[in-house]
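Before we start, here is the structure in question, set down as structure tokens.
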Amino acid sequence: AAKLLNKKQAQKNNERPLKHESCARRIQKYVTKKLGEDWIFLILLGLVMALVSWGMDYASAKSLQAYKWMYRALHPNVPMQYLAWVMYPLVLILFAAIFCHLVSPQAVGSGIPELKTIMRGVVLKEYLTLKAFLAKVVGLTAGLGSGMPVGKEGPFVHIASICAAVLSKFMSIFCGVYEVRHMSLHTFDFLVAACAVGVGCCFGAPLGGVLFSIEVTSTYFAVRNYWRGFFAATFSAFIFRVLAVWNKDAVTITALFRTNFRMDFPFDLQELPAFAVIGICSGFLGAFFVYLNRQVVLCIRRHTALSQFLTKYRLIYPGVITFLIATVTFPPGFGQFMAGELMPREAISSLFDNYTWAKYTGDPQILGKSAAWIHPKVSVFIIILLFFLMKFWMSVIATTMPIPCGGFMPVFEIPVLLHKESHTVGRHAEPWHSNFSASSPTEKLSSYN
């Protein structure tokens, strides 16, 4: 393609290609050609997205730490604690909504439906621009740092696609084949790889990213895109986890949500039907989640007066939802019955705790973050059930806010929660595993960690 383009330009300018070129000119052309190859592009795409993902996780984690510190610093003044618990996420969510509206309204939402539309040949203006990238990154960081039940997988697929489109234009200075005009076939291949990178740098799962890219482009998936998606997603996931090790968030490169289950005898055969039931229930609950989310959106759109009012006053809808969710999860209030003080990632990490809460009788504080699930007067099964019901509807309405957000992380809690409940009533009936020989509770906790 590059040769044909050069030949066409030479014929148009009535110039003949030089037969004898200098050595420096040949070296320059060779280096330029190599820099414009696909694997260089994929490495740059994976590196940029890994840095963006780690930076957003770092910023949102610091924001959540400030949130928890502010809440605890006001103890025992409960009214001031409530004010801080509600106002902090409210300010961040309203900032995200205003920033996206002013910079790029196309950054609102997940971005995956628009990306599917683009991959089917429809040209959507302003969806793959730097303005949309900036609005998406800033708005998503604020949303994740607010503690609201929203995820980042969908927006990251959109962000990776923007990076692919911008990088393809940048790489056009090295090789003309990267010129982007009306969504050429080569740009389509890079967008498919970007879908895999978006998932890989979120969860460190390159294979899951490739499968997701196939799902997004299920109508037609070229075989040549398998290696592009896998290579870019693997490189991005590797860099993402290396940055976590460098920041001392992890000892070595491991899974994002690591479990501590026994590997010598992980499950009994009679537990396989329970796993199947968990999968079936999760499928039905996922379909019900999509149905409720759709009904909420349609309900607002069908009422013309309400839709016009919310369009005119854009901050009312996200403000009311954030205020409602923050009020429900307030720890001294109803939040004490649904582990409300745990942020989304903390809840998932504690749900992977290999400990039978129902059999616990000692001081819950030695459990660390898992102590939020134990109440002195309420059964842990009631708390898990309330957490499931409240998080379900809160995630449904939170993902309808006009900010960059996805629903994977909140929905991911559902099967983990179902597994935790079955694990709590399952064969692990002892408070501590038999291979822990420490005598004191503190020593046992250290051995467990």
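A Cβ is built for glycine as well, from the same backbone N, Cα and C atoms used for every other residue.
According to TrEMBL, the feature transmembrane segment maps to 39-61, 82-104, 156-178, 190-214, 226-246, 272-292, 313-334, 378-399.
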Apart from its near flanks, which chain residues at least 6 from the ends of the transmembrane segment (82-104) lie with a Cβ under 8 angstroms of it?
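For the transmembrane segment (82-104), the far contacts come to 63, 66-67, 70-71, 74, 126, 129, 131-132, 134-136, 138-140, 142-143, 145-148, 314-315, 318-319, 322-323, 325-327, 329-333, 401-404.
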Where among 39-61, 190-214, 313-334, 378-399 do we find the most Cβ pairs under 8 Å to the transmembrane segment (272-292)?
378-399
Establish whether the number of Cβ pairs under 8 Å between the transmembrane segment (39-61) and the transmembrane segment (226-246) reaches at least three, counting only pairs separated by 6 or more residues.
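Answer yes: the transmembrane segment (39-61) meets the transmembrane segment (226-246) with 3 or more Cβ pairs below 8 Å.
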Do any residues of this chain, six or more beyond the ends of the transmembrane segment (190-214), have a C-beta under 8 angstroms from a C-beta of it, and if so which?
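The answer is 41-42, 45-46, 49-50, 52-53, 115, 118-119, 152-153, 156-161, 163-165, 167-168, 221-222, 225-226, 228-234, 236-237, 239-241, 255-256.
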Six or more residues beyond either end and a Cβ under 8 Å away: which residues meet both conditions relative to the transmembrane segment (226-246)?
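Residues 38-39, 42-43, 45-47, 49-51, 53-54, 189-190, 192-197, 199-201, 203-207, 209-210, 213, 252-254, 256.
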If we skip the immediate neighbours and take only residues 6+ beyond the ends of the transmembrane segment (378-399), which ones have a Cβ under 8 Å from one of its Cβ atoms?
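110, 148-150, 285, 289, 292-293, 296, 321, 325, 328-329, 337-339, 347, 357-358, 405-407, 410-411, 413-414, 417, 420-421, 424.
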Using a Cβ cut-off of under 8 Å, list the residues of the same chain at least 6 residues beyond the transmembrane segment (313-334) that approach it.
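That would be 71, 78, 81-82, 85-86, 89-90, 93-94, 97-98, 101, 146, 148-149, 340-341, 390, 394, 397-398, 400-403.
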